[in-house]
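What Swiss-Prot says about this protein:
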ACT_SITE  K282  active site, N6-GMP-lysine intermediate
BINDING   K607, G624, D646, L710, F711, I712  S-adenosyl-L-methionine binding site
DOMAIN    594-868  domain 'mRNA cap 0 methyltransferase'
SITE      K627  site 'mRNA cap binding'
SITE      R658  site 'mRNA cap binding'
SITE      H713  site 'mRNA cap binding'
SITE      E806  site 'mRNA cap binding'
Amino acid sequence: MASLDNLVARYQRCFNDQSLKNSTIELEIRFQQINFLLFKTVYEALVAQEIPSTISHSIRCIKKVHHENHCREKILPSENFYFKKQPLMFFKFSEPASLGCKVSLAIEQPIRKFILDSSVLVRLKNRTTFRVSELWKIELTIVKQLMGSEVSAKLTAFKTLLFDTPEQQTTKNMMSLINPDDEYLYEIEIEYTGKPESLTAADVIKIKNTVLTLISPNHLMLTAYHQAIEFIASHILSSEILLARIKSGKWGLKRLLPQVKSMTKADYMKFYPPVGYYITDKADGIRGIAVIQDTQIYVVADQLYSLGTTGIEPLKPTILDGEFMPEKKEFYGFDVIMYEGNLLTQQGFETRIETLSKGIKVLQAFNIKAEMKPFISLTSADPNVLLKNFESIFKKKTRPYSIDGIILVEPGNSYLNTNTFKWKPTWDNTLDFLVRKCPESLNVPEYAPKKGFSLHLLFVGISGELFKKLALNWCPGYTKLFPVTQRNQNYFPVQFQPSDFPLAFLYYHPDTSSFSDIDGKVLEMRCLKREINHVSWEIVKIREDRQQDLKTGGYFGNDFKTAELTWLNYMDPFSFEELAKGPSGMYFAGAKTGIYRAQTALISFIKQEIIQKISHQSWVIDLGIGKGQDLGRYLDAGVRHLVGIDKDQTALAELVYRKFSHATTRQHKHATNIYVLHQDLAEPAKEISEKVHQIYGFPKEGASSIVSNLFIHYLMKNTQQVENLAVLCHKLLQPGGMVWFTTMLGERVLELLHENRIELNEVWEARENEVVKFAIKRLFKEDILQETGQEIGVLLPFSNGDFYNEYLVNTAFLIKIFKHHGFSLVQKQSFKDWIPEFQNFSKSLYKILTEADKTWTSLFGFICLRKN
């Protein structure tokens, strides 16, 4: 506290400084992280205490002269007063719970009248002053700032809005007269008005805490809570930069700890069978860190829970990670950070778990209700053995808590780098939303009223950076629900808009519900049913424990990324049985080997060149998008809206994961809004088109382009499928829109089979070093290319040695059908024509391109068609 003591001492010396005898000396405490909700909370709390107050209106014009602010202020209806303001010293409280509180010492000195110019900053201030004592006054000010051309354009209008309200302003009606949508700043300041020689640093801290307690009655507890998080962080983090984020409050406990990842089928396939992993149950509790620090025993979770003391003698610190049951004050440990002063974070989980039981015994020695979670080490890949292991964890009836899932922990990594996955039954997957009642009279078709229901909108939190990278926009009515000051922060609410259900944020609340007033509350909810553009939501409970977090302006339910990744479990359900036998429906799950490096790079180069032809287009549809192998190419091309369609739910779930991966790890010049549609493209074009046109924001005239990379062979079974594809493209494209197909060329494949005299059920192979690299199995008798229906088996780089059946694409017939449905051929080209360009692109990769690679690549081609 030396710095604050020094500031107070200098304040007192100023009154003995003869050079300042004509100056006004101010000591003010300012809160810098104030939004409308916090401002309103403090304002209404002071009004409720019936503290004497006055309301004043003023206009201050500020002109920067060197390092000083030259001001002209008019406190209505008085005359203008000219002065300069010079800061002398400041002290900033470091604890996050202080909301950026700063103590400022400054002087004001009268100056001559000066001329205003275009650089002036104008501040209109509606101030309520509460005289809390003879020593202190608390000033709450609503401010509108104007600069440059705004001054002449908006000054009169905002004077009316701030000062000349239809109803006379009083402290009791002020908050109802001011519209938070009018882009105001909100300031809370405390000014000392007592005798200078009587002031102490303790007085400053006391009045600061008084205001913070109005915002949060548990302010002192919050301060202790953040100090406990700092203590834990000091043993986990070595980076001073990251520790600074903890100290500043930018990071909390959730950001500090390694997070459990909701496991999708695609995740599991990467390490199935999970031999070596540890499994335990997922208790229906909250994440908590149990700490023994000196003589104190506590748990840091959603708040600070004191569990007792060790007595007079301080102990070396022990820090355990686990799940906490607040009602029963029971702790269930699943990891250890420190044991009796020994740091364990750099050891693998298989080593840490050996010490965990010792840490639990330390807690038990002080009569703390603590247990170690039951773990099983998976040692067999046999599905039957795996099933028994998972059943022994998930279906155990003797646990003292409810089990709502299974945790899988990867061995061999440090504490922060340990990969931990969570599997939960679909029914137990829930999301936390900030719920707001939809404003009336918006005239938005999607917001159509329903009798017996009131429409509410569901929001989650998102960082400004992720909001931009995902190319999101605020939903209609957003600005009526959230003030501009909240929208301008680094973290703010956004409607829950997952890629496959852009309107999932609409919730029709039954008038008969036992949950009556839900506006402005955080609700835990689950999805009951998913229909076209409509989700049936069920309220599980009101998160009363989160209401205080809302007041800080930094919490709005789940984080957007967490919410959508949890949502994937509704999109692509992962059954309990699949934990043992492996995920079903994992098409092309294998990884490519190194022998395909050059050929894969060539195909990627060609697709990149093609997708660049549609750069910066507004709406693009990808038919058969799979798991988003081309997503990065669309992002590089600056496509604004991408609709990916596929019948493989697991692949689409992986695409959504990639969406976030690109947003957080890769730099793209432009942002792309991504939508996914789970749809079999062999179904009637009319039905598919209707679903696409119902995507929120999709243009009535259609998309600019349709792309389908290496997919249309699935739709060449018969003429009806080809006709259906052409009709679908016509319905989805705007006039002049383009279709871009890459495909294996049926005529070229047949030519290859003839050249090598491959008969029915025989296989053409391309070998390198006695290894089969490429292969085609002939599954048809005809000697000439049919319009449709001729099957081949293809050995693919990622098919783990298995043949996948597909139909030959008769490109002449395909083009004929598309012409019949209103398209013109723009270009048809073989992939082999790109090989010289690929050589210029990467000489090193071209050098390792083999003859087999070139032969295989020559079987593929590109077709471009334009809608007339």
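Including glycine, each Cβ sits where the backbone N, Cα and C put it.
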Closest of K282, K627, R658, E806 to F711 (S-adenosyl-L-methionine binding site), Cα positions, recorded positions only: E806
Cα-to-Cα gap, R658 (site 'mRNA cap binding') vs G624 (S-adenosyl-L-methionine binding site), nearest whole Å: 16
Among K607, G624, D646, L710, which are recorded as binding-site residues, the nearest neighbour of E806 (site 'mRNA cap binding') by Cα: L710
Subset of recorded positions (K282, K627, H713) lying within 10 A of D646 (S-adenosyl-L-methionine binding site), CA to CA, in sequence order: K627
Cα separation, K607 (S-adenosyl-L-methionine binding site) to H713 (site 'mRNA cap binding') (Å, whole number): 17
K282 (active site, N6-GMP-lysine intermediate) versus L710 (S-adenosyl-L-methionine binding site) - Cα distance in angstrom: 41
Rounded mean pLDDT for the residues that make up the domain 'mRNA cap 0 methyltransferase' (594-868): 93
Largest separation between Cα atoms (Å) of residues that the record links to S-adenosyl-L-methionine, namely K607, G624, D646, L710, F711, I712: 19
Spatial neighbours of the residue listed as 'active site, N6-GMP-lysine intermediate' that are distant in sequence (at least 6 apart) but have CB under 8 A: I403, D404, G405, I406, I407, K422, W423, K424
Which of L710, I712, all binding-site residues, has a Cβ with the fewest other Cβ atoms inside 10 Å: L710
Three-state secondary structure, F711 (S-adenosyl-L-methionine binding site) (per DSSP): coil
Around the Cβ of R658 (site 'mRNA cap binding'), the count of other Cβ atoms that are within 10 Å: 17
Separation of alpha carbons, I712 (S-adenosyl-L-methionine binding site) and K627 (site 'mRNA cap binding') (Å): 16
Which of D646, E806, the listed recorded positions, has fewest other Cβ atoms within 10 Å: E806
